[in-house]
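Here the structure is laid out as C-alpha cells; the discussion comes afterwards.
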Amino acid sequence: MTLAAYKEKVKELPLVSIFCSCFLSDPLKKQTYKYEADTVDLTWCAISDMEVIELNKRASGHSFEVILKPPSFDGIPEITATLPQKRDPSLEEIQKKLEAAEERRKYREAELRKHQAEKREHEREVILKAIEENNNFSKMAKEKLAQRMEVNKENREAHLAAMLERLQEKDKHAEEVRKNKEATR
C-alpha cells in the first residue's frame, strides 16, 4: 500500500469509525463497552496504525490528538500493476473492422438518401396539393362569376323587356287618347 493510498483510506473513514468502531485482533478477548455519560473509554478501541492521546479534560468535553502511524510494508509482497500487453491485430481483424466500418457508412448513406427522398416526396405532395387547391379555387371562382353574369344578363333582359312593354303600353294609351281626341272633335 502506498502512502497516497493510505491517506485516501484514512480520509474515507468517518470520525466515529476511527474512534469507536475498531476491531481487536482476537474477537474472543474483545472488551464490552460500557457507556457512561460524558465519558469516552479509549481502551475499548484497539487501533494498530494510529494513536489517540487525551490532551486535557474540561467540563465542556474532551480534546484529543490523533497521531497516524506510517504504514508498515513488512511482509507485504510488492504488487506491480501490469496491464496485459496488447497484441497486434491481425490482417483479418483489421479487414473485418474496415468492412464493418464500410457497412456502417453505407447504411448511414442509405438512411440519409431514404430520408432525403421522403422529404422530397413530401414537398412534392405539398406542392401538388397546393396546385390542386389553387385550381379548384380558380374553377369555383370562374363558375360563380359565370353564374352571376348569367343572372345579371337575365335580370337585364327582363328589365329591358319590362321597360319595352311599358313603353308600348304608353304608346298604345297615347294612340287611344289621340283617337278619342280626334273622334270628339
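Every residue number used here counts from 1 along the chain in the order it is shown.
The backbone N, Cα and C atoms fix where each Cβ goes, and this holds for glycine too.
A quick note: this is a predicted structure, and the numbers were derived from the prediction, not measured.
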Listed range which Swiss-Prot flags as region 'Disordered', given the options 102-122, 165-185: 165-185
Within the compositional bias 'Basic and acidic residues' (166-185), residues counted as helix, strand or coil by DSSP: 19 helix, 0 strand, 1 coil
